[in-house]
Every structure is written in C-alpha cells, then in structure tokens.
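Quick paste of what TrEMBL says about this protein:
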{"type": "COMPBIAS", "residues": "414-428", "note": "compositional bias 'Basic and acidic residues'"}
{"type": "COMPBIAS", "residues": "544-553", "note": "compositional bias 'Polar residues'"}
{"type": "DOMAIN", "residues": "34-113", "note": "domain 'HTH IS408-type'"}
{"type": "DOMAIN", "residues": "157-339", "note": "domain 'Integrase catalytic'"}
{"type": "REGION", "residues": "402-428", "note": "region 'Disordered'"}
{"type": "REGION", "residues": "544-570", "note": "region 'Disordered'"}
Amino acid sequence: MHAQAGGNAGLFTTIGLFYRSEEVVVERISMRKIREVLRLKFDAGLSVRKIAASLRISSGSAGNYLHRFNACGLTWPTSLSDAELERCLFPPVPTAPSDQRPMPDWAWAHAELRRPGVTLALLWQEYRLAHPQGFQYSWFCEHYRLWAAKVDVVMRQEHRAGEKLFVDYAGQTVPIIDRRTGEIRQAQIFVAVLGASSYTFAEATWSQKLPDWLGSHARCFAFFGGTAQILVPDNLRSGVTKAHRYEPDINPSYRDLAEHYGVAVLPARSRKPKDKAKVEVGVQVVERWILAVLRNRQFFSLGELNTAIGLLLDRLNQKPFKKLPGSRRSAFETLDQPVLQALPEHPYVYAEWKKVRVHIDYHVEVDGHFYSVPYQLVKHQLEVRLTAQTVECFHANQRVASHLRSQHKGRHTTHTEHMPKSHREHAEWTPQRLIRWAEQTGPNTAGVITYILKRRIHPQHGFRACLGILRLSKQHGEARLEAAASVRWHWAHAATKASSRSCAKGWNACRWPSKTCRCCPTSTSTCVARATTTDLKKELRNATESNARQATNLAPARHDQVAGRTTRNA
C-alpha cells in the first residue's frame with residue numbers, strides 16, 4: 001500500500017494527538033452473537049461483510065472475531081462453554097501508543113474496494129504488514145465507515161442468484177365468512193420474493209403471530225424446494241424482538257428456524273423501505289394480480305382461499321416480463337433454483353422460547369406444569385425451548401434438562417438425577433420396595449406391611465411405621481419378627497377396630513409346636529409370641545391400631561357422633 005507524508009501521494013499520514021478525541025470505542029457484543037458469527041462463517045459459508053450485515057455489526061468486528069478464533073487454533077463446532085471461549089478469544093494484550101500511528105488513505109481504500117475480491121480485511125492486512133504498530137482491524141473498519149458516510153453515493157441494488165429471500169405481509173386482507181355463525185375474519189397475506197428471479201410465493205394465514213409467521217416460512221421453503229442464504233424480513237414482532245439500526249434482537253423462535261434451515265437473518269432497517277424494495281414490489285404485484293382478481297369472491301375457509309391464491313400464483317409466475325425475456329418461473333429455473341441450499345433432512349418443528357427462573361424446589365414452571373432442572377441452578381434464569389412434545393431448558397447456551405411435555409396443570413415432572421442426594425434417597429422409598437423387603441422376612445411380615453400401607457389414604461404416611469417394623473429384624477432377628485407378625489396379621493384380619501386389651505390377648509394366643517417353632521428352638525412345648533421384646537410388640541400394635549383408628553375416623557358421622565370421632569357411652 002502507499003503512504004503520503006509531506007505532500008507525497010500515498011496511503012498514510014501522521015496523526016497528531018488531537019485525533020484522540022475522535023476515536024470510537026466499540027463495545028464488545030455478547031457471546032451469543034459471537035457464536036452466531038462463527039456459525040454463519042463455518043456452517044453457512046457467508047463472507048465477513050454478509051455476516052456483519054446480518055448481525056448488524058461492523059465488518060471489522062466480525063472479521064476480528066473470526067481472526068481471533070482462527071488464531072486460537074480452535075475448530076467449529078466447539079464444545080467450549082461461553083466463559084472458556086471468551087477467555088480464548090480475548091486474552092489480555094499490551095497496547096501500543098496511538099499518537100503517532102499512520103492514518104490510512106481512505107479515498108484510495110474506497111477505490112480499491114470496488115475491485116473484485118477486495119475486502120476491508122485484505123486492505124487492513126496490507127496496512128498492518130506495512131505498519132505492524134498500526135491500528136487494529138475494528139478501528140480500521142469503523143473509521144472507514146465514518147469517512148464513507150460523508151460521501152454522497154447512490155447505489156443500485158444488485159441481487160445475486162440464491163442469495164436473498166425477501167418476506168413481508170401485504171397491507172390488504174381477505175375476508176373469510178364462517179358458514180355457521182356468519183362471522184367475518186380477515187386473513188393475512190404472506191408474500192416471499194427471491195431477489196434474483198423475483199419468483200414469488202404467497203399464502204393466506206389467520207394472523208401475523210409467531211406460529212403463522214414461522215409456518216409460512218416452512219411452507220415457502222418447501223414451495224421453492226430450497227432456501228436462500230439470507231432472509232430479509234420487516235421488523236414485525238414475530239421476526240424481530242427489538243428493532244435496532246445496528247444490532248436488532250432476532251426473535252428466539254425465528255432464530256431457531258434460521259439455524260434449522262442454515263440461513264442468516266438480515267432484517268430491513270426501520271423506516272427504510274429501500275432495504276426491502278424487492279418484496280415491496282412483490283406485495284404490490286400480488287395485490288394487483290391476485291387479490292384484486294379475488295375481490296368479488298366469497299370464501300368460507302382458509303383452505304378455499306389458499307387454493308384460489310395458488311392457481312393465480314402459478315399464473316403470475318409464468319406471466320412474461322415486459323422488458324426482459326422470459327418469466328419469473330423461467331428466471332427461477334435458470335438463476336435461483338440451481339444454487340438454492342438444500343432443505344434439511346428432518347422437517348422443521350415449531351418451537352417457542354421463554355425465560356424462566358428456577359424455584360427453590362429446583363423446578364421451573366411452564367404453562368402450569370413444573371419440570372425439574374439440576375438443583376445447582378436454583379434461582380438462576382434459564383431459557384426454555386417448547387415444542388409440542390418436549391421441554392428443553394438451557395443455561396449459558398448449554399442444555400441442562402429435557403422433558404416430555406405434559407398437559408397436566410399443577411403437577412411435577414422430576415428426574416432423580418436433578419435432586420440433591422438427600423432428596424434422591426427419600427424418593428427411592430416406594431410401597432413396592434417396602435413390601436419386597438418384608439417378603440424377605442416372611443409372608444406374615446409382608447402381610448402386615450401391606451395392611452398398613454393399604455389402610456392409609458396416602459401410603460407415604462405409613463412409611464415410618466413400616467420402616468420401624470422392618471428394622472426390628474436387625475435387633476431381634478427375622479424369625480421372631482415373622483412370629484410376632486403372624487399374630488398381628490391374624491388379628492388384623494379379624495377386626496379393624498381394636499382396643500389395647502384385644503391386642504394384648506392376641507399376643508398371648510400365638511403358640512406353635514416346639515418342632516415347628518421358628519423363634520425359640522429350645523422351647524419344649526410352646527412358643528408364646530410375647531417372648532419377643534416389648535419394643536417389637538409395641539411397634540406392631542401401634543402400626544395396626546393407628547390404621548384401624550384412621551379407618552374409624554373416616555366413617556360418616558351419625559346422629560350421635562361428631563364427624564371423625566365416636567361418642568362414648570357413659
């Protein structure tokens with residue numbers, strides 16, 4: 001590159017200290033957008049300028065992030081977290097003094113950019129080769145744009161084949177009549193136009209809301225048989241959450257669709273109709289050659305209207321151009337169709353995104369149902385992706401939980417691996433597990449445990465009593481526990497209402513011949529169940545009597561009773 005000093009022609013001039021006041025400090029974009037820069041480069045294959053235009057950032061910033069990524073020796077896709085990737089891309093570096101660094105010749109650079117294949121990245125690399133201590137790429141690009149903004153340039157848009165697809169809604173609507181009620185609803189008209197061939201797609205939907213907006217895109221791509229590299233929508237709410245001249249926020253669901261189809265989203269600037277002049281003309285053509293033709297017809301369903309639109313749309317695309325040879329259809333087959341990106345193997349699944357906060361019980365609420373996430377994320381904010389079948393939770397762009405979607409309001413879906421250890425151990429206790437444990441001691445013990453659990457309205461309320469009974473086998477042995485359980489099991493079958501006196505009698509009534517005794521092999525004639533310890537008898541008696549009392553308390557109140565309590569006779 002050339003340089004100028006003391007009146008000689010060239011690229012650079014010396015900057016004085018006064019220029020410091022004009023320097024622009026560019027704020028670093030979010031890691032989400034940096035990942036989008038990498039995706040558009042390595043997955044979509046876009047140039048630096050197209051990536052910058054899609055994300056509304058400077059070409060210098062986009063090129064800088066790509067340069068840093070390559071310098072780190074990383075490969076895409078990367079498994080690094082946002083924090084790890086940030087440390088790799090932005091290590092602390094010493095800065096050189098800027099008061100005597102050479103100033104590029106912007107007029108020469110502007111002329112060079114018109115040459116094929118020349119980019120700001122190339123010019124900056126040549127600049128740094130001549131002056132290693134010169135300005136950084138982001139500064140170079142930013143100040144070139146400041147210089148170029150002062151030059152009055154009239155630009156005629158040139159659309160490359162397969163590059164851009166312009167989408168918008170028509171201003172006109174079409175009335176649809178409900179046959180049963182006579183109610184009239186206005187159908188919205190979605191229009192999409194390919195930049196190079198002007199090949200047009202149009203359809204009617206009930207609204208411009210997100211499901212209809214994304215559904216129209218999916219049907220549009222199927223109609224074309226492929227996708228363009230860039231989508232150019234208007235700034236409607238379904239496509240752009242927050243409009244901004246440089247960094248618009250793309251709706252998360254719309255971004256999800258773009259990632260599925262491998263396209264970039266380049267929203268038109270607010271109040272800049274020339275940014276989407278192609279679809280503005282396409283909307284006008286659809287209104288004149290389709291909607292105007294249908295103005296006197298009555299439609300009673302959305303399907304009927306779309307059938308009529310489809311017939312006229314085919315006629316429109318085959319209509320010859322006035323000043324050019326061929327038609328939209330022939331231009332599409334020649335220009336756009338051969339270079340469109342292939343459709344994904346799997347169809348697009350509509351998904352919505354929401355931001356939620358994790359409750360202290362490590363669950364998040366989605367449409368009235370509660371889904372578990374790792375307990376370490378309590379009180380953190382997560383992003384939730386909702387489809388018709390699944391609920392996926394993301395933290396720092398990493399999926400941390402996935403559930404089948406449930407329509408039961410107020411209920412919980414919990415994965416045990418999301419629980420703390422103490423909660424997980426408690427959740428492992430179930431009635432079936434307690435019964436299986438009791439069966440290892442004997443059928444009578446299993447019978448008592450089953451009896452206790454079934455007599456409870458909620459089986460969990462009997463867990464403590466069952467665990468107390470089963471743990472007695474460690475102190476007194478399984479044989480004695482089974483013998484005592486036999487007495488209580490027969491007593492429990494005899495009556496559900498019992499008193500302490502009948503309980504004591506039941507304990508004294510159990511006898512076995514000595515040859516079959518399982519708890520006292522040394523006994524010569526009989527084995528009395530009361531030979532077991534007082535704790536064993538008390539545990540079994542309390543367990544069965546509490547269930548009997550509960551059954552009595554649940555009986556309906558009679559004239560001489562208070563609900564849940566019997567009246568004692570004097």
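Heads up, the Cβ atoms here are built off N, Cα and C, so glycines get one too.
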State the residues, same chain only, that lie 6 or more residues beyond the ends of the compositional bias 'Basic and acidic residues' (414-428) and have a CB under 8 A from a CB inside it; answer 'none' if no residue qualifies.
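Distal contacts: 362-363, 372-375, 401, 403.
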Using DSSP, tally how many residues of the compositional bias 'Basic and acidic residues' (414-428) sit in helix, strand and coil.
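Counts, helix then strand then coil: 10 helix, 0 strand, 5 coil.
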How many of the residues that make up the domain 'HTH IS408-type' (34-113) does DSSP mark as helix, as strand and as coil?
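The counts are 45 helix, 2 strand, 33 coil.
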Mean pLDDT for the domain 'HTH IS408-type' (34-113), rounded to an integer?
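Over the domain 'HTH IS408-type' (34-113), the predicted model scores a mean pLDDT of 82.
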